[in-house]
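Take a look at the structure below.
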Amino acid sequence: MVNLIESDSIWKRNFNYLFFSRIVKISGDMFAFNSILWFLIYDGKGAIGTALLIAVTFLPEAVLAPVTGPFMKQTTLKFWMYFSDLTRAAIVLIIPLCHFAGFSPLWFVMTLMIVHSATGAAYNPASIALIPQIVNEQGIQKANAVLQSSAQIVRLGAVTLCGAFLTFISPSYTMLIALVLYLVSGFLVLFIKYTAVESQSESAVVTQRGTYIGRLKRGFRLVRKHQILYPLAIYCIFMNFAAAPWEALSAVYVAEDLNGQPIVYSLLKATTAAGAFLLGFVLAKVKVNRYGLLFVTAGIIEGFAFFITGMNTFLPLVFFAAFTFGAAVSAVNVPEYTIIQTSVDSEDQPQVYAVIHMISNISIPAGAVICGYAANAFGSGKVIAVGGIVEIIAGIGILLFTKLAKAERSDLIKEREASVHL
């Protein structure tokens, strides 16, 4: 299943700029989201308020990603990323300024977070599709793993540092740090220079893909008919539905069930990031042949981590489960991105990623709203544990009844060649 990756360096000019832009942007995201999260908690909104925040954070991005995908050409990917960074910078400036002026009702903050989320519909598909343009095919998995592991180290520092700021100063002042980070990230993206990579089989067909509507439909058709991506998308739905209770209720779980302070929540997130970094580092050193098997296995392990976390309040065991959950995150994201980049031609990658992202992430806001009310009735821990059970059962089903876990790298390449003419 795995072999050591050859030592060809991916650290060249374009990847360096992408690398630093991504880690700075992730830092900005951490500061922005956690500041608003604890603002709602301090304001007495509790589980329902945080659940609504999760809903408006994920839903616009998920819905709009397929809509913006057909506009993305290989030559304009970095400009979509730049636009996203500038828009998010504006959002994190408006919220604290209005709060200082005495105007910060919940509906206003939620509206701005909808816009904040919508920009992800451009940034994420563009950044995923950009990697094969600046890294050779043999280095794609390594590039994904390096970005994933480094992102977790940044989260480790950013979440902990943000927790410290939130403990001593207000969330509004903490958000101003995110403003600077978003501006720096957007500035770095502009230095990326590349020539669009287009295969011979692709160039002969790409002009026949039609208008905007045709490209929009093509993205959904590719996912539906793809023997690897279709079960991947289905399992993503269950994975995100299972993750919704943790995403929506983890802060409330720490505050109410564990009687912890914001710094405990931040340390728990930091432990998760450490687990993700460790496995991301390993995946940067070994070459995986069966990405689907790694993806499904990681999902099942993630489900067990949710179950363990929700069923007990013994803090050391909760931290161990958080570390395991973090490791599973890398083991899910790296193969998911690599499967898309390997089994779909470059012109279709932004749209295919956007479609899978939409299909899977629709379950997050729905699950977040449901679990917010369920937590009031049954408790946050039990709801988190139920999410883990859902993910375990779904993973076993995907493992037994689909081709996802059986596919090797050669199968992904065959699917890519077939998809060009679809």
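Each residue, glycine too, has its Cβ placed from N, Cα and C.
Noted in Swiss-Prot for the protein shown:
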- 23-43: transmembrane segment (TRANSMEM)
- 47-67: transmembrane segment (TRANSMEM)
- 90-110: transmembrane segment (TRANSMEM)
- 112-132: transmembrane segment (TRANSMEM)
- 151-171: transmembrane segment (TRANSMEM)
- 172-192: transmembrane segment (TRANSMEM)
- 228-248: transmembrane segment (TRANSMEM)
- 263-283: transmembrane segment (TRANSMEM)
- 291-308: transmembrane segment (TRANSMEM)
- 318-340: transmembrane segment (TRANSMEM)
- 352-372: transmembrane segment (TRANSMEM)
- 381-401: transmembrane segment (TRANSMEM)
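Note on the transmembrane segment (112-132): residues 18, 22, 25, 32, 36, 53, 56-65, 67-69, 72, 74, 77-78, 80-81, 83-85, 87-88, 91-92, 94-95, 140, 143-144, 147, 192, 194, 197, 337, 340-341, 346, 349-351, 353-354, 357 of its chain, located 6 or more positions outside it, place their CB under 8 angstroms from a CB of the stretch.
Long-range contacts of the transmembrane segment (23-43) within the same chain: residues 49-50, 53, 57, 85, 88-89, 91-92, 95, 106, 109, 113, 116, 123, 150-151, 154-155, 157-159, 162-163, 165-166, 171-172, 174-175, 177-179, 181-182, 184-185, 188, 251-252, 255, 262, 266, each at least 6 residues beyond the stretch ends and with a Cβ under 8 Å from a Cβ of the stretch. Residues of the same chain lying 6 or more positions beyond the ends of the transmembrane segment (47-67) and with a Cβ under 8 Å from any Cβ of it are 33, 36-37, 40-41, 106, 110, 113-121, 124-125, 216, 219-220, 244, 247-249, 251-252, 351, 353-355, 357-358, 360-362, 364-366, 368-369, 371-373, 375-376, 380. In this chain, the transmembrane segment (263-283) does not touch the transmembrane segment (291-308); fewer than three CB pairs sit within less than 8 A of each other, excluding pairs fewer than 6 residues apart. Just going by CB pairs under 8 A, the stretch in 90-110, 228-248, 263-283, 318-340 that sits most against the transmembrane segment (151-171) is 263-283.
Taking pairs at least six residues apart, the transmembrane segment (318-340) and the transmembrane segment (172-192) share fewer than three Cβ pairs below 8 Å and do not count as touching. A Cβ distance under 8 Å defines the sequence-distant neighbours of the transmembrane segment (263-283), meaning residues of its chain 6+ beyond its ends; these are 34, 141, 144-146, 148-153, 155-156, 159-160, 162-164, 166-167, 250-251, 254-255, 318-319, 322-331, 334. For the transmembrane segment (228-248), the neighbouring stretch richest in Cβ pairs under 8 Å, chosen from 90-110, 172-192, 381-401, is 381-401.
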